[in-house]
Amino acid sequence: MVCKSWTLPHRMSGQVVPASHSLLGSVRLTYAVCAFLSICLHSAMRSMLAMVILRMVKPRPEDALLMALELDSSNSTAAGQCGGSVFGLSAGVQVPQTGDLPWTRNQELTFPGVFYYGYVISIPLAGHLSDRFSSKRLFIMSLVFEASAYFLLPTMAHHSYGAAVASLVVSGMCAGCGNPPLYQLFVTWAHPTERTSLLSFAYIGLLMGSIVVYPVANYLSDYAWELSFYVVASVTLVFGITCHWLIYDTLDEHPRISDAEKAYLQREPLSKSQLSVPWRHLLTSLPVYAFILTHIFHNYTFLVLSVVMPRFMREAMQFNLHDVGLLSAAPYLGGMFSKLICVFSCGYVERRVGLKQSWMRRLLYVACSILTMIFIGIIICAGCEQKTLVMLIYALLYATTDMGFSAGYWPTLLYFAPSFAGLLSGVANCLAHLSGFLAPHLVATLVHTGTKAEWNIVLLTLIIFNGMAMIVFGLFSSTRLQPWDPRRRLESLSATPANVH
């Protein structure tokens with residue numbers, strides 16, 4: 001039997017590959033858990049800035065006026081035409097601001113977005129390095145150095161705003177170095193029929209990091225806002241060092257892998273000469289462009305939902321600040337539901353559909369995109385008094401957005417170009433995360449007073465971007481191993497002796 005596809009179990013060099021191998025107690029599960037914790041910690045360090053920044057900055061004289069207006073608005077409007085609090089609690093609940101940094105309002109608002117400047121700079125280079133050198137080292141160094149930068153950030157912030165910005169840019173650069181090797185290592189430590197499930201499990205960390213860090217950072221900030229950085233950075237540093245004994249680049253380097261699991265995962269090794277980047281083929285490949293453009297369009301929706309939509313809930317839907325804080329995790333529950341579906345079902349579906357994965361993923365992504373656009377349309381039509389409906393749709397919107405990502409387009413790169421997964425995912429993430437600091441500028445241009453009509457224009461841009469992603473991925477995506485990938489050439493060589501005999 002000769003390997004017909006990178007997506008199916010096969011035999012190599014006369015060796016019979018086991019049809020399956022238990023995930024429980026395996027080194028595959030060990031890496032998946034490490035990847036989950038790494039994504040969780042990266043997400044926690046990035047997400048906590050939006051909340052801790054409220055405790056870092058010294059109260060300004062103009063804030064007293066804004067607080068008075070907020071209380072007056074909550075008493076008069078929230079209980080008026082747009083209804084009262086979702087939980088029936090007092091609209092005048094206030095969170096004290098106990099910071100000591102003399103920053104301006106503009107500095108306070110722009111500081112969390114500085115992270116993405118470093119992120120987009122480092123991620124393409126990290127993608128190239130993870131394909132050609134040690135993914136393990138990049139994985140560990142990303143965690144250790146980002147944790148170190150976060151540990152120093154409070155000291156830098158007390159020194160000056162510029163020093164804090166420099167520290168956060170370095171943190172973003174270190175975080176960018178961690179994504180491509182994490183993705184690349186799944187080529188080694190996940191069987192083709194398990195990749196979507198294990199990737200989905202690992203990327204649950206994006207949700208869990210945000211869900212867990214908000215209450216933890218809020219509790220620690222009651223004592224001192226610096227504690228949030230020290231505790232999260234210390235945990236990340238310890239975990240990063242521990243990964244030295246848990247993660248390995250190749251099957252032969254791992255000291256605890258069983259012979260059965262090694263046979264289950266074994267593939268012909270690729271030399272450095274075989275891994276020379278076929279730039280001409282990459283630049284003329286439709287699946288490559290489909291993957292990158294889909295990620296750009298899709299990630300715009302994800303970043304707007306994650307970063308900007310809480311302000312939409314406050315201004316357009318007129319939620320009071322207390323409810324906005326409590327409900328900030330609601331969309332992540334929808335994403336969690338989507339991830340669980342992927343973890344427990346995608347492996348089974350992949351084994352059943354085999355070589356028809358391209359059509360399966362296209363149909364799934366198109367369906368998720370259509371549902372996403374419908375949900376956005378419902379939010380556009382909803383009035384500010386329909387708070388419960390909007391929150392429900394918001395959670396469903398996050399579920400369909402995540403399903404399109406986790407089970408739709410994101411795993412395809414591991415199938416059509418596994419040898420260059422780090423490079424291509426790095427380029428895609430670099431371009432897609434430009435929205436991290438460009439989207440807020442677009443919102444600032446479109447939304448002047450915070451009315452529902454102005455915010456509806458922002459929501460319309462989400463529909464446009466989802467439509468473009470649906471068209472691109474639906475027409476041009478593929479999961480078939482491309483002929484310019486070195487692993488395809490190895491399969492052709494291994495097929496020749498079999499045909500002779």
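For all residues, glycine too, the Cβ spot is worked out from N, Cα and C.
Per TrEMBL, transmembrane segment is recorded for 29-54, 138-157, 163-186, 198-217, 229-248, 288-309, 329-350, 362-383, 389-410, 422-443, 455-479. According to TrEMBL, the domain 'Major facilitator superfamily (MFS) profile' annotation covers 35-480.
Contact count against the transmembrane segment (389-410) (Cβ pairs under 8 Å) is highest for 329-350, out of 29-54, 138-157, 288-309, 329-350, 422-443.
The recorded stretches the transmembrane segment (29-54) and the transmembrane segment (455-479) do not share 3+ CB pairs below 8 A when only pairs 6 or more apart in sequence are counted, and are therefore not in contact. Counted over residue pairs 6 or more apart, the CB atoms of the transmembrane segment (455-479) and the transmembrane segment (163-186) come under 8 Å in fewer than three pairs, which marks the two as apart. Counting only same-chain residues 6+ beyond the ends of the transmembrane segment (198-217), those with a CB under 8 A from a CB of the stretch are 28, 32, 35-48, 51-52, 182, 186, 190, 228, 231-232, 306, 328-329, 332, 335-336, 339-340, 342-343, 346, 405-407, 410-411, 414. Long-range neighbours of the transmembrane segment (163-186) within the same chain, counting only residues 6 or more positions beyond its ends whose Cβ lies under 8 Å from a Cβ of the stretch, are 31, 35, 38-39, 42, 45-46, 49, 111, 114-123, 125-127, 129-131, 135-136, 138-139, 141-143, 145-146, 149-150, 152-153, 156-157, 195, 198-199, 202, 247, 249, 413-414, 421-423, 425-426, 429-430. Listed stretches 138-157, 229-248, 288-309, 422-443 were compared with the transmembrane segment (329-350); the greatest number of C-beta pairs under 8 angstroms is found for 288-309.
Note on the domain 'Major facilitator superfamily (MFS) profile' (35-480): its mean pLDDT in the predicted model is 81. The transmembrane segment (229-248) shares more Cβ pairs under 8 Å with 138-157 than with any other stretch in the list 138-157, 288-309, 422-443.
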